[in-house]
Amino acid sequence: MSVTRGHKSTPSLLLLFLSVLTSLLAAIPVLQANAPSAGPGVRILRPPESTVAPSGDEVVFVCETSLPPEHFEWSYASTRSHAPRFKYLKSSSAKNNSNITITNDNDISKLRVIVRPETLGEYRCVAWFGPLAVTSTTARLELATISGDKIAQRSNWRVAAGNTVLWQCGQVVSNPAPTWSFYYNDIEMPAASTLSDSSGTLLLPHVSTASSGTYTCVATNTASGQRLAMPRRLELQVPSAALPSAAPALLPGQSVRTEVLARIGETVLLLCPGVGYPPPTAVWSSPDVTGAVYNNRTRVLPYGLQIGGLQPKDTGTYICYLDNGIRPALEHYIQLVVQQAPRIVRPPSANLTNEGEFMVLECAATGTPTPKIYWLLNGENSVYDTESELPANGSLILRRVQKRHAGCVQCFARNVLGEDSAGTLLQVNPTQIQAGDGMGTGGMGRSSNRNAHNRKQKQMVPPSAPNVTRLSDESVMLRWHVVKNDGLHIQFFKVQYRMTDSGKRKSWQTTNENIPYGKQRHDSDEAVRNFTSSVTGLRPDHSYRFRIMAVYSNNDNKESNTSGKFFLQRGAALAPLPVPELLDIKEYSQTAVMLHWHLPSDADEQLISGYYAYYRPSASAGEYLKATIDGAKARSALISALEPGTIYEFKLQSFSAMAASEFSSLKQGRTQRPRSSTTAQPTMHTVDTTTPTHNETFNMNPLLTGTISGGALLILLVISACLCLCKRRHSRGDNSQNKPRLAELREDFVPLNTCSPNKPRTRHIHITLNPLAQQQQQQLQQQHQQDEKDSQDNELGYFQRQPVVYDAETLGFNGLARMSSSSLRRSQRTLERAAAGGGSGGNNNNLNQATDASLAASLDSPRLQASNKPGRVILKRSRLSSRSENLSSGSLNSVGV
């Protein structure tokens with residue numbers, strides 16, 4: 001096989017260029033970026049985290065991936081712009097910018113930023129794996145600030161002993177949230193006196209005269225360490241004497257927080273301020289939350305309700321009822337909102353789609369506040385794509401899928417608490433460009449003629465670039481396709497690969513296996529034909545590139561586009577994939593079976609991209625054939641191109657971009673056996689009103705078919721019976737009318753008499769053995785003739801002479817011995833009795849004992865008996881043996897008829 005390539009036309013180069021744009025490495029499921037996942041595949045293990053820092057500090061953003069990418073990039077959007085758009089920070093610009101430094105080390109990239117007003121904003125990490133870009137969640141860089149009230153305010157409270165005092169020091173705006181320090185008579189108080197909220201509330205439970213004094217506070221920014229002394233002051237007086245009774249009420253300037261925001265899992269304290277005399281007690285209730293007060297997570301305090309381990313169901317309205325027995329009681333209504341970071345509950349899912357088709361990708365997320373959903377296509381926001389549309393439900397609509405959409409599509413859900421992301425691989429099958437498409441009609445005449453000549457020749461349409469999936473530490477699985485085309489037929493494929501991470505460029509290695517194309521033409525409804533093959537003998541922890549070489553019917557070849565760089569990682573670094581379980585294998589046709597399987601859990605669908613099916617005849621020990629089943633949601637698949645009536649063994653394997661699962665258990669299935677009977681089997685057919693062509697076969701009703709077949713069989717039986725009967729009669733007629741060897745029979749038979757139904761039968765046989773009995777014999781003959789005339793019997797009979805057997809000892813060897821007179825007389829009497837019995841219809845067995853069986857059958861024939869023609873009754877002479885031949889000239893004097 002020659003691998004030398006000839007001249008390529010401009011359409012072929014254009015086809016190659018378009019194929020490069022749409023070639024994909026593998027299905028890369030992008031899992032949640034804000035938490036490491038146990039699933040396999042390429043993902044962001046550690047995304048950059050948001051940071052608040054003072055001006056001039058150095059901040060380091062760290063991004064770590066599960067596999068080393070080809071290269072890292074960082075994108076940045078400034079918060080100073082009204083509509084920020086992310087831009088890539090190029091390495092060259094980073095070197096020239098002293099505020100930004102990028103360092104990459106295998107699978108970790110670090111971005112060092114000096115906090116300046118121009119560097120504040122959002123940052124993303126982008127890991128490139130060939131043409132695919134996996135983007136991290138957003139990290140914000142914010143400046144540490146703190147500010148508060150500047151108006152001095154003094155509060156004078158007079159409270160009866162035993163009450164609980166709650167004082168808010170003031171309102172501050174701080175990023176991050178500040179810490180508070182309280183002072184009593186300019187002496188710092190223990191931290192336990194401060195409640196754990198950002199409003200700076202001072203708690204003084206069960207005040208006494210010792211609690212009287214002056215109180216102040218200071219707020220401190222935890223990031224910058226900046227302290228802010230609040231101008232508010234509290235003068236508290238607790239008299240020792242009893243005060244008059246009073247209903248519960250708020251102190252002057254005291255406020256109630258009617259809305260409390262807290263994160264899920266935290267502990268929150270709902271305050272119920274108010275004093276009275278005697279000191280009131282608080283009673284809590286909630287009309288929205290059933291059992292919200294009295295459970296193992298709540299605690300009722302004199303000054304509030306404490307709820308631990310917040311859950312979304314704790315959101316609602318809480319009512320505090322302060323009562324000391326004096327009316328009116330004091331009520332506070334507090335709204336608790338449990339906030340939750342966004343979490344994607346329905347990630348997007350996409351498979352191979354054709355260029356120009358309409359596509360909808362869905363993504364659903366939960367969170368409080370309701371998260372906002374946006375999409376990235378290979379790191380670029382979908383709002384800048386002219387073919388995309390974002391409806392209110394958060395899905396992504398691609399009105400016409402383009403080649404630029406191929407790659408990693410990610411859905412991001414975002415609210416004030418953070419972000420979550422999930423992604424899928426979108427594969428785009430480009431529109432096939434045939435030779436001569438898009439070429440103008442103008443130009444020189446010679447060029448036009450050359451182009452017209454080129455258009456008449458069939459082109460070598462190359463296969464697509466292979467998708468690569470890891471199978472083991474030393475093998476990968478390649479998947480590619482060939483679009484339906486009118487080009488030259490492909491005979492077989494070859495796989496080529498080379499290592500790319502070594503310093504010296506290595507040559508392409510070619511596998512020994514010839515991968516057959518199969519049928520030379522696509523099926524009518526098959527737009528794309530998929531192929532699968534494995535490559536073994538690779539080295540782990542190295543990068544490879546792959547390509548497919550197609551050999552055509554003209555014995556020339558053409559290679560596909562090269563795959564992206566694929567890093568073959570050791571299996572120890574990858575988490576195992578779910579193993580599918582084969583449930584059933586059903587007969588589908590004589591050449592196909594249907595596989596049915598399931599996964600241990602439907603949640604495992606997010607970890608895989610599809611399945612590999614392996615099969616071979618159970619009686620064979622050869623290599624397994626392979627088939628690829630795209631889509632993690634698939635639970636059945638049709639395996640075709642099998643042999644009729646053959647038992648096959650099957651096993652399945654799930655796969656993702658970077659790994660494959662263990663094999664499922666083997667299971668056997670059989671294709672349908674060929675039909676050995678011509679009886680039509682009842683099948684379901686759709687109604688077709690079109691006229692069938694000459695090569696189409698009608699499917700008749702089984703009842704009608706059986707009726708016609710039975711009638712035809714009955715007619716054949718009747719005809720056969722008639723033919724057999726006629727043949728039998730004809731055979732009997734031939735036996736009676738056309739007797740063979742007539743001349744010989746005349747010599748051996750003696751005519752008895754003519755026979756006619758209208759004439760009396762005269763049977764007379766006289767055998768005179770000696771002259772002495774001749775006279776007596778004549779008298780017997782006359783009497784016999786008279787009896788024959790009276791009987792008028794029309795029956796026909798044949799009488800054969802009974803041969804006389806003589807003893808050899810009496811006759812001697814030469815047969816010349818003379819018989820005694822007594823023996824002759826006994827013979828005479830025997831014959832006379834026989835003759836008399838034959839004439840009167842008596843027993844004639846002695847005379848007819850040696851009659852030929854065939855002759856007797858002829859006599860009994862109705863055809864012969866009914867004949868009106870005169871017949872001859874002949875009696876066959878019995879031939880004597882050599883021992884009795886002397887009788888003719890001896891004692892036997894005459895035989896008369």
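Note that Cβ sites are derived from N, Cα and C of the backbone, with glycine treated the same way.
Per Swiss-Prot, these features apply:
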COMPBIAS  683-694  compositional bias 'Low complexity'
COMPBIAS  774-784  compositional bias 'Low complexity'
DISULFID  CYS63-CYS125  disulfide bond
DISULFID  CYS169-CYS217  disulfide bond
DISULFID  CYS272-CYS320  disulfide bond
DISULFID  CYS363-CYS411  disulfide bond
DOMAIN    244-336  domain 'Ig-like C2-type 3'
DOMAIN    342-429  domain 'Ig-like C2-type 4'
DOMAIN    579-674  domain 'Fibronectin type-III 2'
CARBOHYD  ASN96  N-linked glycosylation site
CARBOHYD  ASN99  N-linked glycosylation site
CARBOHYD  ASN296  N-linked glycosylation site
CARBOHYD  ASN351  N-linked glycosylation site
CARBOHYD  ASN393  N-linked glycosylation site
CARBOHYD  ASN467  N-linked glycosylation site
CARBOHYD  ASN530  N-linked glycosylation site
CARBOHYD  ASN561  N-linked glycosylation site
CARBOHYD  ASN695  N-linked glycosylation site
REGION    434-468  region 'Disordered'
REGION    666-694  region 'Disordered'
REGION    773-793  region 'Disordered'
REGION    819-849  region 'Disordered'
SIGNAL    1-26  signal peptide
TOPO_DOM  724-897  topological domain 'Cytoplasmic'
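With CYS272 (disulfide bond) as the anchor, the candidate recorded positions are CYS169, CYS217, CYS363, ASN467, and the one with the nearest CA is CYS169. In three-state terms derived from DSSP, ASN351 (N-linked glycosylation site) belongs to neither a helical nor a strand segment and is classed as coil. Within 10 Å of the Cβ of ASN530 (N-linked glycosylation site) there are 14 other Cβ atoms, across all protein chains. Counting only same-chain residues at least 6 apart in sequence, those with a Cβ under 8 Å from the Cβ of CYS169 (disulfide bond) are TRP180, PHE182, GLY200, THR201, LEU202, THR216, CYS217, ALA219, MET230, ARG232. Within the set of glycosylation sites ASN296, ASN351, ASN393, ASN530, the entry lying nearest in space to CYS63 (disulfide bond) is ASN351 (CA atoms). The closest partner of ASN296 (N-linked glycosylation site) among the recorded positions, by CA position, is CYS125; the full candidate set was ASN99, CYS125, ASN351, ASN561.
DSSP assigns ASN467 (N-linked glycosylation site) to a strand segment in the three-state reduction. The DSSP secondary structure for CYS125 (disulfide bond) is strand.
Confidence for the domain 'Ig-like C2-type 4' (342-429), expressed as mean pLDDT, is 91. The Cβ of ASN561 (N-linked glycosylation site) has 21 other Cβ atoms within 10 Å, all protein chains considered. In the three-state DSSP scheme, CYS320 (disulfide bond) is classed as strand. Residues in the domain 'Fibronectin type-III 2' (579-674) partition by DSSP class (helix H, G, I; strand E, B; coil) as 6 helix, 48 strand, 42 coil. The Cβ of ASN393 (N-linked glycosylation site) lies under 8 Å from the Cβ of GLU362, each of which sits 6+ residues away along the same chain. Remark: CYS320 (disulfide bond) has LEU270, CYS272, ALA282, VAL283, TRP284, GLY304, LEU305, GLU331, HIS332, ILE334 as non-local neighbours, by Cβ distance under 8 Å and separation of at least 6 in sequence. Listed in sequence order, the residues of the same chain lying 6 or more apart from ASN99 (N-linked glycosylation site) and placing their CB within less than 8 Å of its CB are VAL113, ILE114, ARG116, GLU118, THR119. A C-beta separation below 8 Å, combined with a sequence spacing of at least six in one chain, links CYS125 (disulfide bond) to ILE44, PRO47, PRO48, PHE61, CYS63, PHE72, GLU73, TRP74, SER109, LEU111, THR135, SER136.
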